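Have a look at the structure below before the remarks.
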Amino acid sequence: MTGKKRSASSSRWLQEHFSDKYVQQAQKKGLRSRAWFKLDEIQQSDKIFKPGMTIVDLGAAPGGWSQYAVTQIGNSGRIIACDLLPMDPIVGVDFLQGDFRDELVLKALLERVGDSKVQVVMSDMAPNMCGTPAVDIPRAMYLVELALEMSRDVLAPGGSFVVKVFQGEGFDEYLREIRSLFTKVKVRKPDSSRARSREVYIVATGRKP
């Protein structure tokens, strides 16, 4: 019975996925993922990216956000990206495969950053969801806390932090924490984000010294 339910659920997800207009547009344009459109909407409203910036992209694979960001920062910009999963190369992106919760991977990531002044830290990280909020939300909050910690370590004063967060227990506290660190904080729900999804995007600009 459980197997049948899981199969039906998977079938519904696949049907929804491939009928999604943003998935179809991404395929037509040769984009890595529909996440490209989410970041485009954020850029249109918040003007995060500028030519020449250095960016850290966490949870980067398959590369939708990095693929978008390189079009905004140009040849003089640089992206340091990290993910557990492999990612096909993108010109202008220095990709590190590994779990940045691992001390050696984190060290390698920070070495890539070096003395660069990072203007944007962005995270589209999400755990493998089991469908139970009591399990999924704490896992997701753990990842966004790590992303915020990374922004504390490498983000230059005045820099920006963009992070995907799933609404639920701990969200309000996390938002308060970000507001204490940045001068302007917005919560965005892009049109390209599925309406039934708990995901929202916190866009924080003007990191306080």
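Using the three backbone atoms N, Cα and C, a Cβ is placed for every residue, glycine included.
From a predicted model like this one, the values you see are computed outputs, not experimental measurements.
Taken from Swiss-Prot, the feature active site, proton acceptor applies to LYS164, supported by sequence analysis. Cβ contacts within 10 Å of LYS164 (active site, proton acceptor), excluding its own Cβ and spanning all protein chains shown: 24.
Marked as S-adenosyl-L-methionine binding site by Swiss-Prot on the basis of sequence analysis: GLY63, TRP65, ASP83, ASP99, ASP124. A coil conformation is recorded for GLY63 (S-adenosyl-L-methionine binding site) in the three-state DSSP classification, outside any helix or strand.
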ASP83 (S-adenosyl-L-methionine binding site), number of other Cβ atoms within 10 Å: 22
Binding-site residues (ASP99, ASP124), the one with most neighbouring Cβ atoms at 10 Å: ASP124
Cβ neighbours within the same chain of TRP65 (S-adenosyl-L-methionine binding site) - under 8 Å, at least six residues apart: ALA35, TRP36, LEU39, ASP57, MET122, ASP124
